[in-house]
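Asks: In case it's useful when we look at the structure, here is the feature table from TrEMBL:
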DOMAIN    B:159-356  domain 'ABC transmembrane type-1'
TRANSMEM  B:41-64  transmembrane segment
TRANSMEM  B:159-183  transmembrane segment
TRANSMEM  B:204-222  transmembrane segment
TRANSMEM  B:234-259  transmembrane segment
TRANSMEM  B:280-313  transmembrane segment
TRANSMEM  B:333-352  transmembrane segment
Amino acid sequence: MRGYVELFRLGKTYDTHKGPVVIVEDFDLNLERGEYVALLGHSGCGKSTVLTMVAGLNPITTGGVAIDGREIDGPGPDRGVVFQSPCLMPWMTALDNVMLGVNQVYRNASKNDRIDLASYYLNLVGLGGSLHKRAKDLSQGMQQRVGIARAFALKPKMLLLDEPFGMLDSLTRMELQEILLEILVRDKVTTVMVTHDVDEALFMSDRVVMMTNGPRARVGAIFSLPFERPRVRADVLDHPEYYEYRRKMIQFLEEQDHRKLKADAEAREQAKKQDEAEEQQVAEAV
Amino acid sequence: MNWRGGLLKFCEVAGLPIFEPFVRLAAGEDKKEQFVGIAKYVLLPIVAIALFLGFWAMAANTVVTDSAKLPSPKATWDAGAQLIAMHYEQKQADRLAKQEKVGEAVRYMAEAKAYGEAAEKATGAKKEALEAKSLSLKKRAVSAVNYEPSSAPTFIDQIWTSVGTVFFGFLLATLVAVPLGVLCGMSPWFNAALTPFIQVFKPVSPLAWLPLAFIVIMWYYAGYSAGETFFNKAFLISATTVCLCSLWPTLVNTTLGVASVDKDFINVADVLRLSWAQRLFKIILPASLPLMFAGMRISLGVGWMVLIAADMLAQNPGLGKFVWDEFQNGSELTYARIAFSVFVIGMIGLVLDRIMIFFRNLVSFGNPAPA
Ligand SMILES: Nc1ncnc2c1ncn2[C@@H]1O[C@H](COP(=O)(O)OP(=O)(O)OP(=O)(O)O)[C@@H](O)[C@H]1O
Ligand SMILES: [Mg+2]
């Protein structure tokens, strides 16, 4: 099967001072056009690594990523990225931050058109009244909204979200989740979202990709969700299968935990044995 | 923003916490709290200064050699007042002299005119003689109008020369150091090429630079006589020395600022595929401005410190030369005047520092530097 976005045996090896460490290996995933996929896994398993490789910000060690049949080569405005922290230029206004990208992508549009476009997306995320406020004077939630507007205003083929709501309080988070889905319905952008939050994954995505624990993390399980779009939070929560999916996902994460605990215990056991052996050698030598 | 907010913001940006309690007091905020602020920023320094003056006066009575004694605070103050008074007297005298010359010129012109009219009526040799006389009077009038008083520079003149020299040298240093620093910060290759120079030349004292700056300028100015060139030779030597010494803090800090721009900002620039120029002007430069200005602040401080020494050696008519000349004169007032210059030099250094703090805080997007 070939998808609109194809991650083909994607792998990443970091060079650390202890030698090369394989973080992600043989990560295979296909996304259809307009599909929303959530990437779920334990902290440190390599979710951000996968996402930044797709974004082109992190060199790929093995395998490749193709979008619309073309292999990616470095970052580009066809893939909008929303980072975990908003990453706005603090010295620019909200509008200028969005304009930075808009100017780049719509070079041939008139200045007024570009301003209109940027303001339109800022309006969508509810910042119509703060266009000319400096980014440093905005709250975290508002900054993250600007980040979302900046990504959408580029009309990207693909949207990459790395825990976009991780730093927000739960009320703001729910509000922004709904705003994001609304814009997505309108623009039909293929999306990958990294998250820690099982409920967020269930509410937002079409498929949830569970990653195994690293090192050598890969796709552990994929759940296709039956909830209808457009999503209404109450309906999703009331859906008869919601808790079943939720249970399965948490079970998967817990299994990973057990496996990790077991692996850790084994590693400790191994180290202890080695210590003992060494001590014995020393004792014999003396 | 109302006046209270505006003034408080100004105090913060200008690094002047000393005025903050007064603003708050005027705005009718809690009195007790403000008096604590006043005690901390006003009363305590006053007490400290009073103590210092007391010790100084005691020392002035103790430190006495055969030929000289440490000037007392009073003597220093009087010497300073006298220097300033001398400046105004001198300027007054110059103005009078100038006026006199202008009067003279008017008289010459009138006479020249009279001779000219007489020449028109006369004929032959007499006419020629009268015309020549008229012409020479006119020339004298012109030179009288152009008269510039040639009195020695006063203390205040010397302050201005020094400030001018340091700003010129600092400007040169900034113009060189900022672009170089940006290049170093952006390109590890360039940085590697420049590092040995920076490491070796940074710690060198101005006194070592000066003779070298001297040769270059002598070479450049060979064949010109004084007054023909746009810059005074001694001025250029001093300014170059200031430039060469104040280059390094700006260069090093700019490099650091540019090299340590937040990785997230660079990621944003990468995703947007910003061009080289946009990346530089929209992201890298604004992000590194605070560190750049922190470096420029140090540079200006170093420049001011170096200038005094450079003035002394290059005989640039500035404060350093003033101190040196006083020392050579060895009059009764010598030490009091030098002590006064020390304070003036310190105060000007303080003002320069404040100015740089102000600029740095303006560009630091909401994290004012500690004063
Ligand atoms: N530049 C790097 N050099 C070496 N190791 C790295 C580097 N970046 C990440 N790692 C390691 O790779 C692993 C995966 O990191 P990654 O940031 O992708 O995890 P994550 O799943 O996004 O975690 P989190 O949920 O906490 O954000 C971690 O163990 C991390 O220590
Ligand atoms: Mg991460």
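Each residue, glycine too, has its Cβ placed from N, Cα and C.
Give me the lay of the land around each of these features.
Replies: Listed as Cβ neighbours of the transmembrane segment (B:41-64) (distance under 8 Å, sequence separation of 6 or more from its ends, same chain) are residues 17-18, 20-21, 70-75.
Using a Cβ-Cβ cut-off under 8 Å and counting only residues 6 or more beyond its ends in the same chain, the transmembrane segment (B:159-183) has close neighbours at 153, 190, 194, 235, 238-244, 246-248, 250-255, 257-258, 280, 284-285, 288, 292, 295-296, 299-300, 303-304, 307-308, 311, 316-320, 344, 348, 352.
Cβ atoms under 8 Å from those of the transmembrane segment (B:280-313) belong to residues 162, 165-166, 169-170, 173-174, 177-178, 181-182, 185-186, 206-207, 210, 237-238, 241-243, 245-254, 256-258, 260-262, 265-266, 268-269, 274, 319-321, 323-324, 345, 348-349, 352-353, 356-357, 359-360, 363-365, 367, 369 of the same chain, restricted to positions at least 6 beyond its ends.
Remote same-chain residues near the transmembrane segment (B:333-352) are listed as 68-71, 75-80, 82-83, 155, 159, 162-163, 166, 300-301, 304-305, 308, 319, 322-323, 326-327 (criterion: CB distance under 8 Å, separation of at least six residues from the stretch ends).
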Asks: Other than its close neighbours in sequence, what residues sit by the transmembrane segment (B:204-222), given a CB gap under 8 Å and a spacing of at least six beyond its ends?
Replies: 229, 233, 236-237, 240-242, 244-245, 306, 309-310, 313-314
